[in-house]
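S.K.: One structure coming up, written as structure tokens, with questions to follow.
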Amino acid sequence: MTGPETVRRKDVRATRTGRTALRVLTVAGVPALLVISWQLYSTVSENFYVPAPGRVARAFAETWFSERLLDDVLPSLARLLAGYALAAAAGVGLGVAIGLSPRLRAAAEPVLEFFRAIPPPVLVPLIMLLAGIGDGTKVLVIASGCVWPILLNTVEGVRALDEVLSDTCRMYGVRDLSRLRHLVLPGAGPQIMAGLRQALSIGIILMVISEMFASSSGLGFTIVLFQRGFQIPEMWSGILLLGLLGYVLALLLRRLERRVLSWHHGRGVGRA
Amino acid sequence: MLEVSGLRKVYEGRRVEALREVTFQVDAGELVCVIGPSGCGKTTLLRCVAGLMPPTAGSVKVAGAAVTGPPPRMAVVFQEYGRSLFPWMTVRQNVELPLKEKKVPAVRRNELVAGSLAAVGLADVADAHPWQLSGGMQQRVAIARAVAYEPQVLLMDEPFAAVDAQTRADLEDLILVLWRDMGVTTLFVTHDIDEAVYLGQRVIVLSGSPTVVMEDLKIDLPPERDQLTTRSLSRFADLRGHLYAQIQRARGDR
Ligand SMILES: Nc1ncnc2c1ncn2[C@@H]1O[C@H](COP(=O)(O)OP(=O)(O)OP(=O)(O)O)[C@@H](O)[C@H]1O
Ligand SMILES: [Mg+2]
């Protein structure tokens, strides 16, 4: 009598294994294909500037699992996070103030649009003149680029707060800080998060660019150094590291968002 | 308890005269319904009474004090109930927030929250989020929040306009029970004549634009109301017919 049972259980296991295999294939398929074509290309062309993946991997291990991690990667990362945090604080703070006050908004909006239209990298030389070439400058460059999407998204989010919810707060005496905490920040949360996401990629770009100008350490600096010294596999490994870094940071941000905005995502699923 | 005198409201910009001259009173502990054709200014009236909007002329007094902003012991159940609940809070947190702002001690707060959720039959979904509930349940959360607040005056703006007939009947009875238990002065706006007669001790009929009070009708039905027996009384039918004719007139005047 156990015959059909066993068969069914086996079936279940088989489909589960099959599904896992499919998942792995979907996730790893395209990257694997890319690496294979890269390998093929480098074998066929023997282009000096396109080393084989194996060589780049070796260079990666040798270059970055060394004191470079402490001397270049960590300081870069620290500056990025400092600039990003500064931008987040300023962007959300100012954004809330501007979003809540129609007067302030009317006065500030054209100026904001103008500043946003300036490509952030052109601020690098200017800030360098004003603030020297230390860590402070780089943090400032990163912050000055990251702040706009956060600020503008926050303003939008605060402006779009539900009127009925706002009236509810007024009726039940939810004012000032309480209102900020229970109505304004969570209500604008999805938009603020969208701003933070946009700002992250801008931050990484500016981290690299700020280190390509007058600098003696950092990821951007090191990559340029490798390029000038014709250490091509090392240069490639730096680019790879940057990609990985961006990927991991975006992943962390998404984790945070899922926790903070669980109500938002839950509601979205509920509606769909 | 509630005095509305010579209330006029003109919306600037489009210069819409939503209310021409509205005057009436509600005694302490009374339940008064307001009816009128759609767009005659019922929501406008309620928002002025709630102090959410300054009137163009006239005044509102609650317990003798002129209303210039939302009065401390007044609660409102809005027409758009779905939008009046905080989606990032659980049902319990939604009900509790106003009490926290009122600095009600934690023990008493828990009592009030549990009591009001039990009263509206939602004790078991206290930890759900509003968007996980049906429309009728969401409206009951809004009612529980108002009840827990222990208001002196309760305002409701077509609270049952968007729920099905059965839910609506249940919610009407819920309101009657809560009103009787709390003795809270209640102003209930609706466009449903039956509902107004069934719930109210008095019904105030607003005219179409330019809006004035067309009639202030005492509902002389027995105080104990019941969906079946009350609605089948001949007096119920008379009152209903009379108000129906009034509303038709209000519409025709426009
Ligand atoms: N914020 C506003 N600005 C300008 N006009 C408004 C505003 N709110 C309402 N009105 C106008 O005032 C009049 C009365 O509106 P109100 O919402 O008070 O009517 P109502 O009786 O509640 O209608 P309903 O039964 O549909 O809820 C309408 O003509 C409406 O267009
Ligand atoms: Mg209305």
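Using N, Cα and C of the backbone, Cβ positions are placed for all residues, glycine too.
Note that TrEMBL annotation is computational and uncurated.
Copying in the features that TrEMBL gives for the protein in this structure:
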type	residues	note
TRANSMEM	A:21-41	transmembrane segment
DOMAIN	A:73-257	domain 'ABC transmembrane type-1'
TRANSMEM	A:81-102	transmembrane segment
TRANSMEM	A:114-133	transmembrane segment
TRANSMEM	A:139-161	transmembrane segment
TRANSMEM	A:199-223	transmembrane segment
TRANSMEM	A:235-253	transmembrane segment
S.K.: What stretch of A:21-41, A:81-102, A:114-133, A:139-161, A:199-223 shows the most Cβ pairs under 8 Å to the transmembrane segment (A:235-253)?
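M.R.: The stretch I would name here is A:199-223.
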S.K.: Is it true that the transmembrane segment (A:139-161) and the transmembrane segment (A:81-102) have 3 or more Cβ pairs under 8 Å, skipping pairs fewer than 6 apart in sequence?
M.R.: yes
S.K.: Counting only residues 6 or more past its boundaries, what in the same chain has a CB within less than 8 Å of a CB in the transmembrane segment (A:114-133)?
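M.R.: Beyond its ends, the transmembrane segment (A:114-133) has Cβ neighbours at 140-141, 144-145, 148-149, 152, 202, 205-206, 209-210, 213-215.
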S.K.: Which residues, given as numbers and ranges, are at least 6 beyond the ends of the transmembrane segment (A:21-41) yet have a Cβ under 8 Å from it?
M.R.: 47, 50, 52-54
